[in-house]
Amino acid sequence: MPRSTLFRQRLLTLFLIALLLLFSPLALRPESWEDWLGLPPLFLYLYGVWAGVIALAAWIAIRGRD
Amino acid sequence: MIPGALIIAVSFTYLGLLFAIAHWADRRADHGRSVIARPTIYALSLAVYCTAWTFYGSVGRAAENGIGFLPIYLGPTLIALLWGSLLLKMVRVGKAERITSIADFIASRYGKSQLLGGLVTVIAVVGVVPYIALQLKAIAWSFEILRHYPEVRMPEPTALPLWHDSAFIIALLLAAFTILFGTRQLDVSERHEGLVAAIAFESIVKLIAFLALGLFVTWGLLGLDGPELTDASRDPRLTERLAPLLAPSLSPVQDWFAISFLAALAVMLLPRQFQVAVVENSDERQIRRAIWLFPLYLFLINLFVIPIALAGLLTFPDGSVDADTFMLTLPIAFERPWLALLVFIGGLSAATGMVIVETIALSTMVSNDLVLPVLMRFWRRRQPPAELGRLLLAVRRAAIVLVLILGYLYYRLAGEAYALIGIGLISFVAVAQFAPAVIGGLYWRGGTRDGALAGLVAGFLVWVYTLLLPSFAKSGWLPPAFMESGPGGLDWLAPLALFGLTGWNEITHGLFWSLTANVGAFLLVSSWRAPNAIEAAQARLFVDALRYPRRASTALWRGRADIRELMTLAERFLGVARTRDAFVRYARSRDTDSPEALPADAETVGFAETLLSGAIGSASARLMVASVTQEEPLGLDEVLDILDEASQIRAYSHQLEQKSRALEAATAELRAANERLQELDRLKDDFMSSVTHELRTPLASIRAFSEILHDDPRIDLAQRRRFLGILVSETERLSRLVNQVLDLAKIESGHADWRNECLSLQEVIDQAVAVTGQLVKEREIQVRLDLPSEPALVWADRDRLVQVLENLIANAVKFAPPQTGCLEIGLVRLGTAWRVTVADNGPGIPEEALELIFEKFRQSLVGDAKPSGTGLGLPISRQIVEHLGGRIWAENRPEKGANLCFELPAHTPDTQD
Amino acid sequence: MSKRILIVDDEPNIVISLEFLMMREGHTVHVARDGEAGLVAVRNHRPDLVVLDVMMPKLDGFAVLASIRADPDLARTRVLMLTAKGREAEREKGLTLGADAYMPKPFSTRELVDRVKELLAATDD
């Protein structure tokens with residue numbers, strides 16, 4: 001399989017995972033979680049997923065280069 | 001107190017710096033050292049997505065409804081993960097076709113239609129001009145607010161005369177600035193290197209400003225060295241206002257999803273985003289970094305939205321201060337003039353970046369897709385001027401001024417009305433109407449021009465009805481009753497509850513219905529007829545963009561053309577020097593000496609058309625080229641033939657490649673086979689040489705003694721007897737050798753005759769011991785047998801197995817010392833095999849020779865003497881045992897002597913038929 | 001005239017025949033069963049002629065020949081090579097290394113005796 005196809009495929013997988021975490025009933029769960037250090041857990045969850053997705057995308061893009 | 005003059009001076013200095021950066025980048029580009037070729041610059045320029053609406057508005061949205069601002073950035077983050085295919089396709093097509101704008105892109109995809117380009121331009125202008133107005137308002141407001149430092153005061157509704165209105169002055173300034181940026185040189189190429197560098201710089205500035213304020217406020221919230229904030233828990237009213245921030249909720253979920261989806265589309269389809277992402281892209285490899293760096297930028301610029309919104313609500317608990325201004329009013333309230341100024345510059349960056357790029361994109365569309373088609377119609381009757389390039393530049397500059405004036409007028413008209421404040425997402429929905437035509441066009445071949453037109457018109461009309469008109473109504477320009485019920489009292493046509501769809505946010509509602517109408521019309525009308533020739537050709541170009549990297553586009557043109565006329569046409573738009581330069585380079589690529597010598601074929605005409613496209617858009621370029629050539633129309637069948645031929649050629653070359661790879665592989669195999677053969681040949685030679693040697697040695701003795709006996713009658717009887725004995729034994733040795741060589745050859749070649757039967761190893765051993773009895777007796781060696789009483793059955797050829805045992809015993813006898821020698825023959829069952837061991841008490845076999853002794857003519861030394869034997873016994877034994885499915889080996893015994901062993905699979909009579 | 005002859009061969013029966021032939025001619029015969037032993041025997045017995053087999057364990061005939069020719073003390077030693085390998089290349093190799101004569105196995109006893117006589121006659125000069 002050409003490397004560019006593999007790269008696209010990995011990112012597509014990440015896209016689907018992000019979709020699942022942000023736009024499925026999974027994303028509603030944190031609303032009912034306990035506060036953590038007085039911070040709303042939903043914000044922590046959303047920002048956390050967001051940062052994770054970006055980090056993984058960067059990892060895929062940079063690692064695929066060599 | 002921050003004097004207005006200082007703010008103006010700082011603003012001008014900042015804009016001057018921007019211009020210097022742009023100028024520097026343009027100079028570097030002219031010298032071939034492009035700064036924008038860096039992927040980081042590309043990713044930063046995409047951040048033109050974050051306008052003043054982000055910079056000031058995110059905090060406002062957060063203060064109002066908690067997480068409402070997030071989907072606007074999560075959507076782009078997700079869609080960026082698909083850019084490896086989606087954006088790459090757009091960029092590749094954009095380069096191949098020299099696309100100048102999103103209108104050009106859509107027009108080109110559906111057969112280079114001027115009508116389609118014009119429609120897209122109209123939608124873009126209507127949808128985006130209010131958004132420009134919003135930026136003007138942001139600049140004017142931020143200026144007014146900052147001017148009253150240290151007082152926190154909301155600006156009065158503007159009722160100033162035109163020349164005192166800062167927004168008007170800003171609009172004019174930005175127009176001048178945009179003209180300088182966008183049409184700096186007297187050429188109308190589609191790319192602006194300096195602009196991209198300046199936009200990237202602006203992105204850094206607005207990020208720094210946002211982060212600076214964010215850190216300042218967050219420190220305050222954490223009780224560190226920052227502003228002192230009131231405690232929210234004491235005031236119940238405040239707690240209520242903070243609710244969206246402290247107990248955020250995703251519901252209603254359809255809005256959460258719809259706005260993310262909308263933003264994902266807008267980040268690619270907004271004219272300014274298309275401009276920086278596709279038109280200004282200088283290398284498609286930059287996309288790879290943008291996939292994560294652009295989302296990272298969005299993440300960072302949103303990191304402190306919540307703390308700032310919290311701090312704003314805590315600092316201005318009475319609600320007198322607009323949450324959209326918290327970014328600026330917070331540093332004012334805490335008397336941090338430099339921070340306030342930095343935030344102002346950040347906001348200015350966000351707004352000017354958006355305005356400049358958006359205006360350039362819109363003015364290109366207006367001049368190429370609206371004005372030029374009208375002019376061309378006009379030129380049919382009247383001779384066009386000679387220098388079309390200058391005219392085009394003038395049109396473009398006028399369009400820039402026009403767009404900004406329109407923006408200003410909208411701002412002036414709408415003022416504080418909802419029509420301005422809510423415009424951000426309404427604008428997004430307008431450009432989302434391009435999605436079916438663009439994305440469908442990249443992945444579906446069936447779309448037609450009529451389908452795209454129908455889709456766009458339907459979507460746009462629904463947008464006007466469900467979003468634009470209600471926003472007018474909310475501003476008081478239309479009776480509010482308009483929103484409640486549909487025209488003529490038809491409730492199911494109410495703009496905000498179409499077909500009774502209530503309870504949805506108006507954006508979600510409008511997006512849903514406009515895209516439904518759009519996609520529906522696009523699919524329905526496209527299904528009406530098959531794509532015609534040029535639509536089919538363009539469809540292939542767009543849909544297959546990734547399949548053939550750097551494909552030469554198949555020229556779909558037939559007719560007569562004159563090179564000089566084509567060049568003259570291009571010169572009128574591009575100037576003599578650039579045209580000449582481009583044609584000379586093209587001529588060189590086709591191995592022609594001069595442009596005049598180029599063949600006037602489809603490829604050349606295609607080149608001229610693409611060259612012009614970069615200046616005036618694909619649709620106009622096609623018509624322009626058609627005006628100087630005599631084209632014979634190609635039927636759909638012919639086009640498909642040409643395309644099929646092209647793809648056949650590709651298929652052939654693909655096959656050819658595969659075949660040559662197969663050939664290479666075959667050659668390699670042959671080479672390996674040849675090497676194997678040579679190796680075998682060498683082995684055979686060695687074998688022959690060894691056989692020769694082994695045959696000649698006994699022959700030499702035989703001849704020598706025969707001659708001695710023959711020539712010399714005086715030899716005494718005892719001597720004679722001795723010599724005759726030697727003769728006999730050498731003859732025996734010779735015949736044994738001949739037999740073994742033949743045997744070995746037969747077994748190796750597979751021609752040997754095997755008479756396999758079920759036999760017991762005990763019998764075989766007994767037989768072999770009997771045959772070798774004489775030899776053993778001569779050397780006075782003891783033989784001990786250790787055999788089990790249970791018959792050890794194997795499936796084998798009796799004579800050959802006896803031969804194996806004879807060989808092993810003969811070998812052992814050779815190694816065992818005479819007189820004290822002792823042989824032990826053992827037989828044991830090991831799992832599914834029988835093992836026979838012939839052990840001696842000789843000197844053992846050198847470690848390195850354990851394996852060698854099974855090779856032909858490799859005899860191990862017994863002490864110093866040469867062993868008697870042919871050197872073939874053990875190799876033959878190995879062949880036999882392996883043929884029977886067993887294995888044979890030699891090992892040294894731990895005490896003294898060597899073991900020669902073999903194993904054969906045990907035979908159970910009932911398993912064999 | 002009695003000469004000292006060394007037979008170096010690992011085939012016992014060939015040694016017997018050679019020994020018989022040389023002793024019949026009235027020479028003193030020594031025997032070595034392999035290359036190493038042969039080289040030692042050359043140094044010990046200083047034979048006038050060495051009948052040298054090529055294929056031998058431990059040290060082959062060519063190596064023995066090369067050692068003899070490398071030793072100036074042994075310059076007058078004549079070497080007759082015998083081999084069962086029939087290739088022309090072997091013969092060339094032997095003569096190049098300094099063998100005085102070269103005979104393939106199986107050899108004619110008469111011819112062998114004649115060649116030995118010739119070589120020994122040359123040592124008298």
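For all residues, glycine too, the Cβ spot is worked out from N, Cα and C.
As recorded in TrEMBL:
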COILED    B:649-690  coiled coil
DOMAIN    B:690-908  domain 'Histidine kinase'
TRANSMEM  B:6-24  transmembrane segment
TRANSMEM  B:36-56  transmembrane segment
TRANSMEM  B:68-88  transmembrane segment
TRANSMEM  B:115-134  transmembrane segment
TRANSMEM  B:162-183  transmembrane segment
TRANSMEM  B:195-222  transmembrane segment
TRANSMEM  B:253-270  transmembrane segment
TRANSMEM  B:291-317  transmembrane segment
TRANSMEM  B:337-367  transmembrane segment
TRANSMEM  B:388-411  transmembrane segment
TRANSMEM  B:417-444  transmembrane segment
TRANSMEM  B:451-473  transmembrane segment
In contact by Cβ distance (the transmembrane segment (B:36-56), the transmembrane segment (B:337-367); 3 or more pairs under 8 Å): yes
Contact check, the transmembrane segment (B:68-88) vs the transmembrane segment (B:291-317), 3+ Cβ pairs under 8 Å, seq sep 6+: yes
Feature contact check the transmembrane segment (B:162-183) with the transmembrane segment (B:115-134), CB under 8 Å, 3 or more pairs: no
Surrounding residues of the transmembrane segment (B:388-411) on its own chain - C-beta under 8 Å, 6+ positions past either end: 125, 129-130, 132-137, 140, 167-168, 171-172, 174-175, 178-179, 182-183, 186-188, 355, 359-360, 362-364, 366-367, 371-372, 375, 420, 572-575, 615-616
Most Cβ pairs under 8 Å with the transmembrane segment (B:36-56), selected from B:162-183, B:195-222, B:253-270, B:291-317: B:195-222
Recorded stretch, among B:195-222, B:291-317, B:417-444, maximising Cβ pairs under 8 Å relative to the transmembrane segment (B:162-183): B:195-222
Leading contact stretch, B:6-24, B:195-222, B:253-270, B:291-317 vs the transmembrane segment (B:417-444) - CB distance under 8 Å: B:253-270
Per-region confidence, the domain 'Histidine kinase' (B:690-908) (mean pLDDT, whole number): 82
